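These notes concern the structure reproduced below.
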Amino acid sequence: MINLNDAQAFLRDIIKEAGALTLQYRENIKTLRVEQKGTDKDLVTEADQAVESMLRQRILERYPDHAILGEEEGESGAHACRWIIDPIDGTISYLHGQYQYSVSIALEVNGHLELAAVLAPALDDLYTARRGQGAFLNGVQMRVSNTTVLGDGVLSTGFACIRAGLSETNLPLFCSMMPRIRDIRRGGSAALDLCMVASGQLDGYWEKHINLYDIAAGMLILKEAGGRVSDYRGGDDFLPQEILGTNGLIHRECMDVIKSFIKTET
Ligand code: 2AM
Ligand code: CA
Ligand code: CA
Ligand code: CA
């Protein structure tokens, strides 16, 4: 079986290399090759592709048998160990020269998330976690916020639904949540949003129509920081492509807002 100490050190090395590559491509951001994926709002740059390709190469050099799930190249291999990669989470932030994007990598072993790392290269912030061993920002252990009331909370969300061209959007739920909370933030990287809940900078985050590679690393990091992650109905199993991540203390109140919204929608 895999040695998790070695894998943790390896993960730290490759995510730093990936972060450096994103910064290198950003030097020529105006001439970056950009393609449309599904809809005209769903974009992929040559940097997304190059980072995933480099990460796959590094992983397979070190662990030739391992499985990999990545946003840009999909699923490969079949093995108890699976690396879950989002090479650039927050492509639109990245493409517009903003700092709120990340590289997200998790290692799943026999269906359990064991290791996670999320790096925000433009901020030089590295979030890491190992199952049962806590979560860290740049090596310093993190805890979620102690906000107990939704009205005191600053939350984040995203609109992957709209970029995916789906008719069901997050907008009605957003309108329902907004007056109940202190304020909203919209960074554009699901992975980083979860990490910011983990570090207490945010109190919660919700989004629908995201994918496992957007949130796998962030979920482990948030849980290890004492937070709670569920689907919109409070279920702990993943996740009909929807996620609510909070400090735990405001989870019930968030779910009440979301639930009443779901009821009126259906
Ligand atoms: P990306 O930047 O890696 O594509 C923010 O709203 C979240 O939605 C990010 O994790 C973003 O990931 C994801 N996202 C963006 N476009 C999407 C689409 N068309 N379908 C699903 N998720 C998307
Ligand atoms: Ca994408
Ligand atoms: Ca993503
Ligand atoms: Ca991505």
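In case you wondered, yes, glycine gets a Cβ from its N, Cα and C as well.
Annotation note: Glu71 (Mg(2+) binding site) sits in a coil segment as assigned by DSSP. All protein chains shown were included, and the count of other CB atoms within 10 Å of the CB of Glu71 (Mg(2+) binding site) stands at 22. If you look up TrEMBL, you'll see Glu71, Asp86, Ile88, Asp89, Asp214 marked as Mg(2+) binding site.
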Residues near Asp86 (Mg(2+) binding site) in space but at least six apart in sequence (CB under 8 A): Gly70, Glu71, Ser102, Val103, Ser104, Ile105, Ala191, Tyr213, Asp214, Ala217
Output field, Mg(2+) shell: CB within 8 Å of site CB centroid, site Glu71, Asp86, Ile88, Asp89, Asp214 dropped: Asp48, Ile85, Pro87, Gly90, Thr91, Ser102, Val103, Ser104, Ser189, Ala190, Ala191, Tyr213
Cβ neighbour count within 10 Å of Asp214 (Mg(2+) binding site): 26
Collapsed DSSP category at Ile88 (Mg(2+) binding site): strand
Other CB atoms within 10 A, centred on Asp89 (Mg(2+) binding site): 29
Binding-site residues whose CB lies under 6 angstroms from ligand 4, from Asp86, Asp89, Asp214: Asp86, Asp89
